[in-house]
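First comes the structure, then the notes that go with it.
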Amino acid sequence: MATETRILEELGETKDLLDDVGGVPPRWPRGEEDDRSPFRDSERGYPSRNAKLGMAMFLGVETMFFAGLIAAFLYLRLNASEWPPASQPRLPVFVTGINTLLLLASGFTMWRVQGPAARQDSGRPARGLGMTFLLGTVFLVVQGYEWARLVRFGLTFSSGSYGATFYTLIGLHGLHVLGALTWLAALQLAAKKKRLAPHHPRVFLCAMYWYFVVALWPVLYGLVYLV
Amino acid sequence: MSDSVGAAVAVHDTHTGYERLGFVRTYIFSTDHKMIGRQFLFLGLFMLVVGGFLAMLIRWELGWPQTPVPGFGWLFKDTEGVIPPEAYNMLFTMHATLMIFFVVMPIMVGCFGNFLIPLMIGARDMAFPKLNMLSFWTGAVGGVIMLAAFFVPGGAAASGWTAYAPLSAVTEYTGVDWGQNLWCISLFVLGISSLMGAINYITTVINMRAPGMTLFRLPLVIWSLFITAILLLFALPVLTSAVVMLLFDRLLGTHWFLPKGGGEPLLWQHLFWFFGHPEVYILVLPAMGVTSEVLSTFSRKPIFGYRAMAYSMIAIAFLSWIVWGHHMFVSGMNPMIGMSFMLSTMVIAVPSAIKTFNWLGTLWGGSIRFKTPMLHALGFVSTFVIGGLSGIWMANTPVDIFIHDTYFIVAHFHYVVAGIIFAMFASVTYWFPKMFGRVMNEMLGKIHFVLTFIFFNLTFFPMHILGLGGMMRRIYDPTQYEFLQALQPINHFMSISALLLGASQIFFIANFFWSLFAGKKAEDNPWKANTLEWSAPSPPPHGNWAGSPPTVHRGPYEYSSPEVEEDYFPQNRPHPALTGAGSSARVGGH
């Protein structure tokens, strides 16, 4: 009797699988192609499915990294008797607000390149990527200019927890923007040369990272500049 | 599919798809998950020797305070062999740092994660083989940076492995300058390495499973590594952010942790333990997974409560995020917050106890084979029970406030974390045939286990007594305190036991290297186990299976099944009634 049940189970395996994982489990491609080489994946570029999942997890890591910094910032700020300290310069709220809009606009241009609307037309994404790159660069330059002004006003890394938190949080975000811009530049070169389609995994991955950098900024702007 | 190694090698050579790689691509910059696993193993074993050596020096100082270490006059020149107090601080700091970050993590997570995940889920390799290679080499660079700290002026970090600020944030407090900076940089680099590994593990487990390998047919060790990777993914970045802040405090003059500029030393404790408590489960979960595999295989019985085992690991992973405050009961926290951390800490004992009872349930009525891996797995369960019970006891704030920072705590975490060494020996002996194609010597293995188990307990159990007697953790010379002088014979005894514990490891090292070159050739499935790695040749070639990767028909623990004649029923074997091949279907044949 037990054997019979088991055989039934074996035959109904597909259904069983669906029940267990809530979907069709990943399958190795069958047949000759698979047998020919275990390096199939590296020869043709890794499957985009893996890359997207890997990227999503990397963004999770980045989120936790900034969550640590933001938590530390809030901890110090909520325990401080006065914030900002009377003797320290105020942050440029207005200019940075305009700058925030620029960065958000770069997120929008990226969306135009790569989002659902772009998938229908088979045009080249290189121009839209260039626009995104330009907006991102302007953001970084304005940030750098404001930093230089603040340093001149006497706010530095070592001027208490006010300066320390400001430069660490904003500086590490700036480093991430710089990294994303480098990636964007490399992608744009590739898009020009190889005529990448807007739905190409390489465009998609870079866009994921760009969205993260853009979406993180309003949070930091709100916490560090506004509140 | 071929059963013998020779045939597999022949297939290997004639297959056009298998490139023949040169020495560098095979042994150094390899993208083969099995080679990367072996690299992590050797890195971890090397660091185990270094970390163990530091422990011997610590025990010398405690057993025979301020007397010259025999034969070490060259190391401590100014004091003619006596360990100076600053050097003692460095010893215990680096002992813990190396053991946690460069022994347990590389071996349990790095080595066995890499080696086992693709083999046990039926994949040819990791999802990102190159990222995997980068992960190992980044970790190795982290190790070199950590060891380099011993050779800079001022020596290596001396603020404890927890690096509490402001002790760690101001050079003058410990007298350690670049040693502490390198400690931060090394952990930053190692964090990047671990994150690359974690991303790889999760992607591989989610996307690359063989046909039929559902989540609830995964071996428990894969479940444990999967959950460990998720914990790593979310816990390590917090440590990374904390070491960045610490490094900024030290190098750029920021005031994150220094009260004088508006910083807060307690902030470091919160950030560190928010990472630190998930970290201890990162260390112990793979050990629990390995134990489940070994206990089931050598009891010839299905694991007791497979789903309960998986769910309790998930529960541990969730709860591990809300217990960090139990490391900080004496930091002056609000008693209400202390109370909630106390309760969450006690709740986390429930899933851990479920696992322990399930292990006992697996053993109950089994036909147990006392092979070396089994002995070590039983050793892990025993030490884990002792360490776990003392953990529940000291989770109580009234108890902890009394024994905080005493040797009782040291006893507790050595029973749990140093106890992982038994799971480590269990996994090395259990998978040695698959890793290196040879079987380890059973006699030497048993001698090694018995000596290690005895001296382990003789070394660490008396620490409970010392702790309750009031001996402080990280103390340099207990005889300086009148109330501790009466306890000195215990310290003496423990130090002798510790030296013998260290000496017992010679049996393991000898067995390991002797078996590596001259051990008996291993069959594909020497332990008659069910999981997929045993269907590949020993050792498996690059790409793991010569033919198609296996298809999975059942869960991993079908031992002593009434449906087949043998007492095991491999995951990849179709049911005999379906193939018409009778109950003696060939292992791995389909």
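All residue numbers here begin at 1 and follow the chain in the order shown.
Including glycine, each Cβ sits where the backbone N, Cα and C put it.
Listed features, source TrEMBL:
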type	residues	note
DOMAIN	B:17-553	domain 'Cytochrome oxidase subunit I profile'
REGION	B:538-590	region 'Disordered'
TRANSMEM	B:40-60	transmembrane segment
TRANSMEM	B:98-122	transmembrane segment
TRANSMEM	B:134-158	transmembrane segment
TRANSMEM	B:178-199	transmembrane segment
TRANSMEM	B:220-248	transmembrane segment
TRANSMEM	B:268-291	transmembrane segment
TRANSMEM	B:303-324	transmembrane segment
TRANSMEM	B:336-354	transmembrane segment
TRANSMEM	B:375-395	transmembrane segment
TRANSMEM	B:407-428	transmembrane segment
TRANSMEM	B:449-472	transmembrane segment
TRANSMEM	B:492-514	transmembrane segment
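The highest tally of CB pairs under 8 A with the transmembrane segment (B:407-428), across B:98-122, B:178-199, B:220-248, B:268-291, B:492-514, is held by B:268-291. With a cut-off of 8 Å between Cβ atoms, the residues of this chain six or more beyond the transmembrane segment (B:178-199) that come close are 90, 97, 101-102, 105, 109-110, 113-114, 128, 131-132, 134-136, 138-139, 141-143, 145-146, 148-150, 152-159, 163, 168, 171, 229-230, 232-233, 236-237, 239-240, 243-244, 246-247, 250-251. Mean model confidence for the domain 'Cytochrome oxidase subunit I profile' (B:17-553) is a pLDDT of 94. Counting same-chain residues at least six beyond the ends of the transmembrane segment (B:303-324), those with a Cβ under 8 angstroms from any Cβ of the stretch are 216, 220, 223-224, 227, 230-231, 270, 273-274, 276-278, 280-281, 285, 288-289, 292, 295-296, 341, 344-345, 347-348, 350-352, 354-355, 358-362, 364, 555, 557. Contact between the transmembrane segment (B:134-158) and the transmembrane segment (B:268-291) is absent: fewer than three CB pairs lie under 8 Å, with pairs separated by 6 or more positions in sequence. The transmembrane segment (B:492-514) and the transmembrane segment (B:268-291) are not in contact, since fewer than 3 Cβ pairs between them lie under 8 Å (pairs 6 or more apart in sequence). Beyond its flanks by at least six residues, the transmembrane segment (B:375-395) meets 284, 287-288, 290-291, 294-295, 298, 326, 342, 345-346, 349, 352-353, 356, 359, 403, 408-409, 411-416, 418-420, 422-423, 425-426, 429, 445-446, 449, 452-453, 456-457, 461, 464 of its own chain at Cβ-Cβ distances under 8 Å.
Remote same-chain residues near the transmembrane segment (B:268-291) are listed as 100, 104-105, 108-109, 112-113, 162-165, 168-169, 219-225, 227-228, 231-232, 234-236, 238-239, 241-242, 245-246, 256-257, 313, 316-317, 320-321, 323-328, 331, 355, 359, 377, 380-381, 384, 413, 416-417, 419-420, 423-424, 426-427, 430 (criterion: CB distance under 8 Å, separation of at least six residues from the stretch ends).
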